[in-house]
Structures are given as C-alpha cells and as structure tokens.
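What follows is a short report on a single structure.
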Amino acid sequence: MSTARTPFIAGNWKMNLDHLQSIAFVQKLAWTLRDAKLDTKAVEVAVFPPFTDLRSVQTLVGSDDLPIAFGGQDLSRFDSGAYTGEISGAFLKGLDCRYVLIGHSERREYHGETDADCAEKVAAAIRHGLIPVLCVGETAEDLERHGASAIPVKQLREALGPVQRGQELVVAYEPVWAIGSGQPATPQQAQDVAVTLRGELAELLGDETGAATRILYGGSVKSSNIASFMREPDIDGALVGGASLQLDEFASIVQFQKHVVL
Ligand SMILES: O=C(CO)COP(=O)(O)O
C-alpha cells in the first residue's frame, strides 16, 4: 500500500463563524498546533470557512505564514457573468484558496445539486487551479437499498468525467446518515467504501492517480474516534463538521497520531 499520501485533516465550518470569529479561530488554532509542536509535514490542516471569511483568513495565514490551507465550500460552474449570488473559482484562486469542496450532501439536499452539476464544478475548479475535494456519500435509505458503495461510486464516476489522469484531487466519503448524527460509520465500513472508491479512481484515472488520491472520511468525526479511522489503510484523513468549530477538539483531531495506540 502506498504511504506517500500526506494525511489531511479538514474542517468544514458550514455556515458558522463570521469573518471576525474566523480570524480569532485560525490564530488560536495555529498557536495551539505550534505549542503542541505539530509536524506540519506529517499532516496537512485545512479549513473551509464561509466565503465572507476567506479574505480575512487569507490575510492572516499569508502575513503570519501559518501552516493552514483553506478553501471555499462551493464554487460556480461558470467563470464570470450574470449569475447573481455565485462565486467564481477565479475569485477563490485570487484569495489563495488551495482547495474547494464540491458536492457536499447539504448542497445536494438543499440546493438540488446533481452529479452533472458536480462534474461541471470539478471542471471549473481545475480550470482555475483549485484542487477539488469531491464529497460523495449515501443516505440511510440508499444504504438499505443498495449497500454502502453503490451511490458513492456512481457519484464519483459521474463527477469525474472531465478529470484527466494525473490531476490532484481529494475524495471525501461522507455517509449522509453519519453527518451531524453522532453515529459515525465504523472504521471498517469506511475502509470498505474507501478501497472501492480507490479502485474506481484507478480504473478512471490510472493506477498512479488512484494510489495518490487522498480519500477522507467524514461524518461525526471526533477526537475520540479519529485514530480508529486513520488506522485504516485507505483512509487518509477526515472532513470534520461540528467538531471543527471547537478549537481544542479540532486541534486534538489534527494530532491524531498522539491517539494512535499501536
Ligand atoms: O458534513 C460534514 C463535513 O463536511 C460532517 O459533519 P459532522 O462532523 O458534524 O458530522
């Protein structure tokens, strides 16, 4: 198994923390991780704040050279023009975003995003030099009807149509039933889906890209369960919602290596 994938711990803030709160949070996070002597080469940390926070986060991270990446929670499939309320990937790139979330289940549920929309957004992200973090996952009903992997695999296949082999991307497996429910998937369930998704990536984009792509687990991740997910060979990190808003909890998740009992 490839060990070249740098673990990636990302906080999806969803619609929480305004621009002032974002500055305080990111500053304190950086201090906490520095005091804990986090090896920033051994784990990549990222936050996904609301759009209105990004300029503040960029200024702070840039001026203090903090080892924290950031990205948008969504982007427009268009580049510019008469699309009221939309945010171009060009604007995100201009604010030094490295990543962008695409196809989060809340976008799919509340904004009717389809796999075809996700494919267009993946293409837009790549056009603007952003690394897509494609979110896939099944509902409880899907799980009962089709098992755990069928829907995530379909979502992956349909959204990755425009992607060329060698493209850097991140896939986040987030079972909808595990998001915000306090009921995470078991590490084995998450590993089973992750290995299936990796197989699909290898088929779609070649073995090398399949082996290099980081696959995250998301859904009720906490400091008390992160180590059990990170122990799985095909899970390379976590996309954290609620727990990413609590500084000590998120800092502890980032330091998952300290929890690992071998
Ligand atoms: O949706 C999520 C991250 O994108 C997961 O949310 P929770 O960690 O709150 O379950």
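The backbone N, Cα and C atoms fix where each Cβ goes, glycine too.
Record check: TrEMBL places ASN12, TRP13, LYS14, SER220, GLY241, GLY242 at the substrate site, and the matching candidate among GLY180, GLY199, GLY206, GLY210 is GLY180.
Taking Cβ-Cβ distances under 8 Å and a sequence separation of 6 or more, the neighbours of LYS14 (substrate binding site) in its chain are GLN73, GLU106, GLY241. Sparsest Cβ environment among the binding-site residues ASN12, SER220 (other Cβ atoms counted within 10 Å): SER220.
Its Cβ placed at the centre, GLY241 (substrate binding site) has 22 other Cβ atoms within 10 Å. For the binding-site residues listed here (GLY180, GLY242), the lowest count of other CB atoms within 10 A around the CB belongs to GLY180. With a cut-off of 6 Å between Cβ and the nearest atom of ligand 1, the binding-site residues ASN12, TRP13, LYS14, GLY180 reduce to ASN12, GLY180.
Sorting the recorded positions TRP13, GLU174 by the number of other Cβ atoms within 10 Å puts GLU174 first.
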